[in-house]
Amino acid sequence: MRTQWVELGERSYPIYIGDGVLDQGVLAEHLVADRALLVSNETVAPLYAERLAVPGAEVQSVTLHDGERYKTLQTCEQVYDALIEGRFDRSATVIALGGGVVGDMAGFCAATYQRGVGYIQVPTTLLAQVDSSVGGKTGVNHPRGKNMIGAFHQPRAVVADTGVLATLPEREYNAGLAEVVKYGLIRDPAFFDWLEAHVDALRRRDPEALAHAVAESCRNKAEVVAADEREAGERALLNLGHTFGHAIETYTDYCTWLHGEAVAAGMVMAARMSVRLGWLQRNGLERTIALLEAFGLPTRPPAIPEARFRELMSVDKKNRGGQLRLVLLRSVGDAVVTGEFAPEALTDTLVEAV
């Protein structure tokens with residue numbers, strides 16, 4: 001088992017990473033009281049819920065529908081109902097067992113129930129293990145934009161059992177690899193090199209390679225969050241491809257494209273725009289496309305009219321004073337958040353996508 005700490009002073013917490021960590025009793029160390037509510041979905045709960053039993057603790061459960069389209073305030077009411085009907089007080093712990101949708105919603109409910117209770121993330125998808133479970137971003141979607149309603153609320157711990165990824169459907173596994181690639185693109189060129197050299201091992205889910213990829217991704221995420229918890233600066237770099245990607249997800253009603261797939265196409269759009277601006281060498285774009293395609297990911301968005309694409313991007317949370325701000329690349333391993341770019345570079349990128 002590897003342990004990576006997210007250093008936030010008194011609110012620091014560990015990320016436990018490795019095959020079989022669900023069975024190593026780490027959950028019990030982070031329960032404040034002997035009662036917890038397990039929040040999961042209809043896909044994951046039958047597979048892993050029993051492994052989260054804590055000796056001497058009462059763990060109640062609520063099971064939600066699976067899928068991004070259910071990441072809503074209405075779904076959260078099921079969690080609030082379970083907390084209230086179960087008479088949970090502020091000493092309660094919410095345990096999020098599932099992918100990013102479950103983790104985001106359970107974390108948001110924990111942040112808002114009685115003005116805040118503790119929670120533990122137990123991510124069961126690659127995307128959740130390397131990204132959404134770490135950093136305290138919680139929230140739900142709104143019909144007009146992704147993650148528009150939410151709160152920063154750090155977990156007490158993250159338990160990332162890489163063994164559960166062995167049975168993850170290939171499409172979901174590949175979607176998680178998009179977020180892994182992102183860390184290499186924004187700040188870790190050596191990790192990007194390593195990914196290029198270990199495509200085959202990661203595609204076949206070699207346990208050692210997978211544990212390393214998750215650990216390095218979590219290390220990068222933890223370092224960024226420790227330096228900029230509230231996304232005032234560096235943390236916004238973690239959104240490479242997300243402004244384009246969120247527009248894709250919203251346009252397709254959160255039904256057709258997985259989050260990681262949309263991010264993959266969005267990262268390529270950001271790279272193409274960076275080349276147009278003269279910031280990124282064409283070789284950097286070609287390496288990005290080649291690696292994402294090697295991981296079975298889309299590198300072009302669906303056909304979205306330029307005006308509609310712009311409209312969807314205009315509600316992005318990185319924007320300031322009505323100005324669109326994007327994460328762009330200067331090289332592989334070097335990214336920048338900026339609203340200062342030639343407008344035609346964006347126009348040409350959107351038009352090319354259509």
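The backbone N, Cα and C atoms fix where each Cβ goes, and this holds for glycine too.
Per Swiss-Prot, the feature NAD(+) binding site maps to 66-71, 100-104, 124-125, LYS137, LYS146; the stated evidence is sequence analysis. What Swiss-Prot records for GLU179, HIS242, HIS259 is Zn(2+) binding site, and it gives sequence analysis as the kind of evidence.
Projection of Swiss-Prot feature records onto the structure.
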| residue | record | contacts (Cβ under 8 Å, 6+ apart) |
| --- | --- | --- |
| GLU68 | NAD(+) binding site | VAL101, ASN141, GLU249, TYR254, CYS255, LEU258, HIS259 |
| TYR70 | NAD(+) binding site | LEU64, VAL101 |
| GLY100 | NAD(+) binding site | PRO123, THR125, LEU127, ALA128, ASP131, SER132, SER133, HIS259 |
| VAL102 | NAD(+) binding site | VAL39, SER40, ASN41, VAL44, LEU64, ALA96 |
| ASP104 | NAD(+) binding site | LYS71, SER132, LYS137, THR138, GLY139, VAL140, ASN147, GLY150 |
| LYS146 | NAD(+) binding site | HIS246, GLU249, THR250, TYR254 |
| GLU179 | Zn(2+) binding site | LEU126, LEU127, VAL130, ASP131, SER217, GLY260, VAL263 |
| HIS242 | Zn(2+) binding site | VAL263, GLY266, ASP316, VAL327 |
Find, among the binding-site residues listed as ASP66, HIS259, the one whose Cβ has the highest number of other Cβ atoms within 10 Å in the structure shown. HIS259
Could you find out if DSSP has LYS146 (NAD(+) binding site) as helix, strand or coil? strand
Near Zn(2+): residues not in GLU179, HIS242, HIS259 with Cβ within 8 Å of the site Cβ centroid are LEU127, ASP131, ALA178, LYS182, GLY241, GLY245, GLY260, ALA262, VAL263, GLY266
According to DSSP, does TYR70 (NAD(+) binding site) fall in a helix, a strand, or coil? helix
Taking the Cβ of THR125 (NAD(+) binding site) as centre, how many other Cβ atoms lie within 10 Å? 28
